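What follows is a short report on a single structure.
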Amino acid sequence: MAVSGFEGFEKRLELHFFGDDNDPTVTTMALRLLDFESLENVLRVVQCTVVSAVGNHFFDAYVLSESSLFVYPTKIIIKTCGTTQLLKSIRPLIHLAKNLGLTICGCRYTRGTFIFPKSQPFPHINFKQEVIYIEENLPNNLCFRKASVMPSKNPSYSWHVFSAASDNGAHFSDGEFTVEVCMTELDRVLARKFFKTGGDSAAKEMTELTGIGNINPRALICDFVFDPCGYSMNGVDGDRYSTIHVTPEDGFSYASFEYVGSVYDDQDDIVETLKKAVQVFKPATVSVSTTSHRREVWTRVAHAMEPLGLKCRSFAMDEFPTAGTVVFQTFTAARRK
């Protein structure tokens, strides 16, 4: 493995807010009213910028120089890789929301195990430091708090989760689930497809050539190619997003896929979506975290991985106040132990 390289593993922060339900702008716009300059200022603190954006009736999706940002009326999801200082966005986002008449009622922070942990800046030096920093920046009304490191058989693949919520616990939707997939040791031939070769249409061509466009054909895709290599995309499908980020360099190759679904979807769709996403990269190692209030989501993950020759190596489950159940599973190519 390289001594140091680009850190593919993302940090992910999800903040939920509530306001006056009788005010129609709270349910339809609210946080989406934040001006672009305000968002840019927050991102500057985190140390990334917006490179591409798309929106629809439900939310706005931004591709960042380091991953993605999604802004819903009462929810913000920000996911950043590299040596960004993601948690420094908490305080300014709470402040901006307060100016719009919104109060924070939920926070969830997740990440895998960094490939290059010694390169991470404060407050991301270690998980204990991250938890202390989050707790110092959250108001007291978020009284239900829990931090957990979910293990696997391989110490290089742990899942870190911090969750906090107020007793106004209706913010994490019962029917919604989030799947976060982290893939390492990508197939070298497939990884080469994420090196820039074309001109202005390079991103669109990459999306089609790699099969990413087929993962959810209904989604409006906002994609971006980095120079000399690397790729990011956000998919927008109604009120749901999906996102992919790729660091293709040999020795620390990494790809992530995340999407939001509903437990009321066809269960076979969950399997097919995951299969299509993982097949784009043919990784040697995959970790999958599902966050949901229902059991049926995580049981489908193995159904997607096994036909691809990936064998389940570890399984961990933990409950988080009002955020639901997080299940963390790791898989490796059956040819490798």
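Don't overthink the numbers, they just go from 1 along the chain as shown.
Each residue, glycine too, has its Cβ placed from N, Cα and C.
Sequence annotations record features per position, and here TrEMBL assigns substrate binding site to Phe6, Glu66, Phe226, Glu249. The active site, schiff-base intermediate with substrate annotation in TrEMBL covers Ser67. What TrEMBL records for Ser67 is pyruvic acid (Ser). Summarising the annotation, TrEMBL assigns active site, proton donor to Cys81. For Ser232, His245, the entry in TrEMBL reads active site, proton acceptor.
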* Other C-beta atoms that fall within 10 angstroms of the C-beta of Glu249 (substrate binding site) -> 18
* Structure fact -> Greatest Cα separation in angstrom, residues Phe6, Glu66, Phe226, Glu249 binding substrate per the record, works out to 16
* Structure fact -> Comparing the Cα of His245 (active site, proton acceptor) with the Cα atoms of the recorded positions Glu66, Cys81, Ser232, the shortest distance belongs to Ser232
* Could you measure between Ser232 (active site, proton acceptor) and the residue listed as 'active site, proton donor' for me? Cα positions, answer in whole angstrom. => 11
* Asked: Could you tell me the C-alpha distance between Ser67 (active site, schiff-base intermediate with substrate) and the residue listed as 'active site, proton donor' in angstrom, no decimals?
  -> 6
* Asked: What is the separation, in Å, between the Cα atoms of Phe226 (substrate binding site) and the residue listed as 'active site, proton donor'?
  -> 14
* What is the separation, in Å, between the Cα atoms of Glu66 (substrate binding site) and Cys81 (active site, proton donor)? -> 5
